[in-house]
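Before I ask anything, let me first share the structure, which is written out below as structure tokens.
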Amino acid sequence: MTADETSTPHLTVPVATIDLAVTGMTCSSCVSHVEKRLNRVPGVTATVNLALETAHVEITPSPDGTGPADAEALIAAVRKAGYDATVVTRGDRSSTAGAGSTGGGRPATGPDGTVDSEMAEMALSGHTMAPGQEMTVDEDTSAPTPDRGDDLLRRLRVAGALAVPVVLLSMVRPLQFTGWQWVVAVLALPVATWAALPFHRAAFRAARHGSSTMDTLVSIGIIAATGWSLWALLLGGAGRLGMQMSPTLWPAAAGGHAMTTPELYFEAAAVVTTFLLSGRYLEHRSRRHAGDALRALLDLGAKDAALLVTGPGGTRVERRVPISQLQVGDEFAVRPGEKIATDGVVVSGTSAVDASLLTGEPMPVDVGPGDEVTGATINTSGHLVVRATRVGDETQLAQIGRLVSAAQTGKAPVQRLADRISGVFVPVVLVLALATLTVWLVSGGGVQAAFTAAVAVLIIACPCALGLATPTALLVGTGRGAQLGILIKGPEVLERTRTIDTVVLDKTGTVTEGRMTVVDVLVPAQDGAQDGAGAHDVEGGQAQAGPTHQGVPSTSLRLTEQGREVLRIAGAVETLSEHPIARAVASAASALGASTLDSSAPGGPAAVSLAANDTNGQPAVGGDGVGIGASQVLEFRNDAGRGVSGVVRIAHSGIDVGQRVLVGRASWLAENGVPDGDPELLAAVTAAEGDGATAVLVAWAGQVRGAIVLRDPVKATSREALDQLRGLGLRPVLLTGDNVGSAQAVGRLVGLPEQDVIAQVLPQDKVDVITRLQSEGRVVAMVGDGVNDAAALAAADLGLAMGTGTDAAIEAADLTLVRGDLRSAAEAIRLSRRTLTIIKQNLFWAFAYNVAAIPLAALGLLNPMIAGAAMAFSSVLVVSNSLRLRQFS
């Protein structure tokens, strides 16, 4: 133990979340007991998941001011409930060396207060690990382990081998040789003791802590059947040589009241144990398979990287290092066929990257210098050098894993009723079994019939199905969603997908490509025509300035000198904005020369070089050495969604020093004192907008000097996506800040009627549109991708964020569509609805089974063997039904 650990024996963590792996849980009653114990710890809110065998704990300061709970207190609470726990660790969630600790032996926390689970476990290892227990960082403790499956299988094989002769000798009278009952006893006792030991051990552990579980019912039933049989064999006369038995499957029909020799129930104990072990093993395997999708997702990441370091003589050499040693800013090489080690930006090289394993998108994406790439994707062709921008828990893969895990850990509202019932289920069944025994005895039914009915009640009751109904479906559904590039934030989302009737779609980046391209520059007639003498070819869509503009289609523009000047000056101002239109204008302007932004002096003027090239391809300069067209932008202002302005000084230009330039909508220019300008120019702008284009006016010195026309192509899949949404009974609505003409043109391309296109909506007004639709009685889903969509995504009843969008939008959404394909929206809603349907089917079966089976057993219509088989079958059926979600497509 280190000095730090010695000095802080009771380590407390700040407001945070911790996941515990809980061992020993077998049913929803176990879940209820663990939750109650954890929630009694001051400042703790816990949710326990049976399928994952985890407890998700949120820790906040307790009201009495004693401070947050520590991990030792959490594990002690679990142990008081009769179970054991350790802090969950996942090997691939480790961050860079040293990055996970805040010093002083404390676990690292993120900006939201979330504890890095692995680092928390390492820091708390002195408190969380049982004596002699070891756990490596590569071990996943949040799912059923193979060792447990091997143990169950070993016990099942022994029980099955011994139970077969026990049943044959007990049920087939001609096989009953002299002394057969003593042979049956010898064969059945190992089954009822060693093979059934997991049930007895769990029941004893629960009883020691004053609770009861499904294992309590099973253990009592097996012990009762075995104990009764031993009494009958040794003291009740059933041990005499030559005794024969003809048991019935329907105890109530046996008329057993008058039987002088009590029946043996060794076969019931052996068969019940075998059936339950079989069910438990199949359930274990199914739950392992249910988590395969998430485990496969987390295993996608690369294990090592070719880190570029400075070698002898200043040359750069590759050094293979574990992925955990990469830090932000490190550069690493990626050869063809290798996985990209972590999220980053391409420094050099070109290639095509296959992200299908992560996003489900089959087509590789071309990348080059300045492009962002995602860890765990595959470099298919060229050699790349990548600079790491996010590592460890901050990568997109880790974030996807956290989202999926959080969704699987939570509880859907439909599960709450099941939780309340399961909390009192076992005590109620014990009371019912005792009542059954009493009623049969009082009514004169005989001890044997009374005993048989009571044991059947104990064995047939199954809270397992209730406990597994929701978490197994969530486990499979969210895992399948991750494979398809659909991330479900939480189980409560499933309920909302069932009720939505309207889907509001942000236009830019959702319905369209989100990559605006300058296609024309219009200037007033008196300033010169767009085509003709003096015009120059400009690759308006080519982006050389950075990754933001990569992939924009190339559009050859023929501009007059006046058009070039309008584009250059507008580009100087737009360079300081991040709006998609601004980026497109700046990109087109950069084609006129090398574009650089000097912001070295904080708060000072921004110098933008947009210099024209001379005949030798070199930047042209004036006699004073200043680049022709070089500009300075001061007093930059951004009126969100309407326009930008700045005071621009252009060297060697006819513009006066200190002239304010405005780029934006005509209405915004009018508000700033700029008249409408040339009617023919405005008519050309209106015509372009009517054809689906977007136009911004450029003005200085109080006059409109020109207009820049841009287009954002509609995604090829958008119309199909809207048809799919309509097929789900939803009404798509297009929402955009563009002018009416452009919005209606896009609406026509995707098949929307005019009344379902809402145009000229400012970013801050999107929430008002959502609220207005909700006030009309509509249940609204919102699909968006930008920062300005985040508030609307949060306000909607269901938020869907395109995975290609901003972190703010993804954080505000309930569902994330990793591929950025609008068709995923319909897929996400269908998957969510399908998962909810499976959950309801599971719960219906679990409730219906118990409601029907327990009365039948109490009436003496079920033999304990049949009860054991039915009970095992109910759990297997629920898990198998959930596994059908793996086939969702």
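Glycine is no exception: its Cβ is also placed from the backbone N, Cα and C atoms.
TrEMBL entries are annotated by machine, without manual review.
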Which range is it, out of 264-282, 777-795, that shows up in TrEMBL as transmembrane segment?
264-282
Answer with yes or no whether the transmembrane segment (217-238) touches the transmembrane segment (264-282) by the criterion of at least three Cβ pairs under 8 A, sequence separation 6 or more.
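Touching, yes - the transmembrane segment (264-282) and the transmembrane segment (217-238) meet the threshold of 3 or more Cβ pairs under 8 Å.
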Out of 217-238, 421-443, 842-859, what stretch is closest in contact terms to the transmembrane segment (449-476), meaning most Cβ pairs under 8 angstroms?
842-859
State the residues, same chain only, that lie 6 or more residues beyond the ends of the transmembrane segment (421-443) and have a CB under 8 A from a CB inside it; answer 'none' if no residue qualifies.
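Apart from its flanks, the transmembrane segment (421-443) reaches 27-29, 31-32, 36, 212-214, 216-217, 220, 449-451, 453-455, 457-458, 461, 463, 466-467, 854, 857-858, 860.
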So which residues does the transmembrane segment (842-859) touch in its own chain, when a touch means Cβ under 8 Å and the partner is 6 or more beyond its ends?
252, 414-415, 418, 429, 432, 435-436, 453, 456-457, 459-463, 465-466, 468-470, 472-473, 867, 870-871, 874, 877-878, 881-882
Let me spell it out: take the transmembrane segment (217-238), skip the flanking residues so only those 6+ beyond its ends count, and list any with a Cβ under 8 Å from a Cβ in it.
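Residues 181-182, 185, 188-189, 192, 196, 199-200, 202-204, 245, 260-266, 268-269, 272-273, 276, 426, 429-430, 451, 454-455, 458-459, 461, 864.
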